[in-house]
Structure formats: C-alpha cells, structure tokens
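Beneath this line is the structure, given in structure tokens, with notes to follow.
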Amino acid sequence: MKHDIAAKLLQIGAVALQPNEPFTWSSGLKSPIYCDNRLTLAYPGVRRLIADALAELIRTHFPKADLIAGTAAGIPHAAWVSERLELPMCYVRSQAKRHGKGKQIEGQARPGQRVVVIEDLISTGGTSLAAVRALKEAGCEVLGVAAIFTYGLEKAKQAFAAENLPAYTLTDYNTLIETAVRLGAVSEHDLATLRQWRENPEEWGS
C-alpha cells in the first residue's frame with residue numbers, strides 16, 4: 001500500500017522532485033521535494049484510496065477512537081474517513097477565531113472523547129501537535145495522528161516523542177523516492193542526492 005499511495009502522489013503531481021533545481025520552503029529551507037496533497041482532492045479515485053487506507057489504519061492502530069479531528073489541511077480527508085468509520089468529526093483551527101465565539105475547535109469535541117487527528121502532511125509536526133494540544137485542552141484524549149505522507153524528518157520524530165504520541169502515515173519519503181526511481185521519475189544518481197537531503201536537510205544545498 002505504501003508504494004501504491006506513493007505512486008499515485010507522483011502520478012498526479014501532488015509530490016514533485018527536483019534534485020537539481022531545489023524548491024525553497026516558506027521556512028527558507030532548500031529542498032529537492034515539494035508536496036501539495038491538496039491536489040488529491042481533484043482525483044476521486046486517489047482520494048477514495050487515501051480515505052479507505054486512512055480508515056483501515058485507524059481501525060488497526062486506534063480501534064477505540066470515537067472522534068476524528070482534522071487539521072485545516074486535513075479537513076476533507078477527515079470528513080471522508082469519519083464517514084467510513086461512522087464517527088463524529090470536528091476540525092481544529094491553527095488558532096482561535098478573533099470574532100464570534102472565538103472557537104479553535106469547530107464541531108464538537110467533548111471531554112473524555114478519544115480522538116485521532118488527521119493531517120495531510122507531516123513536515124516538522126508543528127501543525128499536527130498544535131491541534132493535539134488544543135484537543136487536550138478541551139479535555140479530549142488524543143490517541144495519535146494519521147497522515148498521508150511524512151518527510152521523516154528527525155525534528156518531527158523528536159516532537160512526537162516529546163508528546164509521547166504515535167503518528168502513522170500511509171507512505172513516506174524513503175518509499176516515495178524509491179518509487180520515483182522505479183517509475184523513471186528520477187534517476188539512480190538522483191536517488192543519492194535525495195537521500196542526502198533526508199539525512200541533513202538543514203545543510204543540504206547550502
């Protein structure tokens with residue numbers, strides 16, 4: 001399944017690899033990869049595959065979940081997953097609104113509910129963990145995070161470990177670059193460059 005999802009992301013252009021002409025992230029980091037999982041929304045077959053896989057992941061790893069929560073980017077996927085699991089859903093804003101009721105959590109998240117957070121992409125883990133903290137402040141028990149893709153950065157691993165929180169993804173960086181070589185999207189020579197970025201993203205390309 002990891003390779004299937006990776007192949008779909010590459011085929012629809014949700015993930016772009018440019019080892020020789022790197023992207024610049026908003027953080028200023030130079031990267032040979034750019035991921036825009038919002039493109040999955042335009043492909044019904046791909047989004048069904050993702051929703052089915054996320055639902056199965058939750059059944060396997062978080063069978064006691066009774067609430068699905070989406071980050072802003074994870075809202076559509078959270079909706080499709082909650083429908084498959086027949087569970088209620090909410091979503092978590094990056095920060096509380098400054099008008100109306102000033103809510104950060106939209107929908108209903110009651111104290112004691114066991115929640116899985118749905119994210120489209122794990123980079124440093126900051127967005128996911130901000131949602132986790134908001135849900136904990138609301139009295140929920142957060143079981144973990146489920147996402148489509150992760151870069152597998154050490155910073156994210158450390159962040160989730162610090163919160164003692166499991167995070168599972170449908171596919172990952174290593175699987176994706178291996179799949180890209182198999183599909184002819186990048187060369188074996190490019191693979192070495194892509195692996196170097198993964199080992200030291202802060203220094204790569206500097």
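We number each residue from 1, going along the chain as drawn.
Heads up, the Cβ atoms here are built off N, Cα and C, so glycines get one too.
Listed in Swiss-Prot for this protein:
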| type | residues | note |
| --- | --- | --- |
| BINDING | Arg93, Lys97, His99, Glu119, Asp120, Leu121, Ile122, Ser123, Thr124, Gly125, Gly126, Thr127 | 5-phospho-alpha-D-ribose 1-diphosphate binding site |
| BINDING | Ser123 | orotate binding site |
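Residue pair Ser123 (orotate binding site) / Arg93 (5-phospho-alpha-D-ribose 1-diphosphate binding site) shows a Cα separation of 18 Å.
Neighbour density around each Cβ, counted as other Cβ atoms within 10 Å, peaks among the binding-site residues Ser123, Thr124 at Ser123. There are 13 other Cβ atoms within 10 Å of the Cβ belonging to Gly126 (5-phospho-alpha-D-ribose 1-diphosphate binding site). Secondary structure from DSSP puts Ile122 (5-phospho-alpha-D-ribose 1-diphosphate binding site) in a beta strand. In the three-state DSSP classification, Arg93 (5-phospho-alpha-D-ribose 1-diphosphate binding site) falls within coil. Cβ neighbour density within 10 Å is lowest for Arg93 among the binding-site residues Arg93, Asp120, Ile122.
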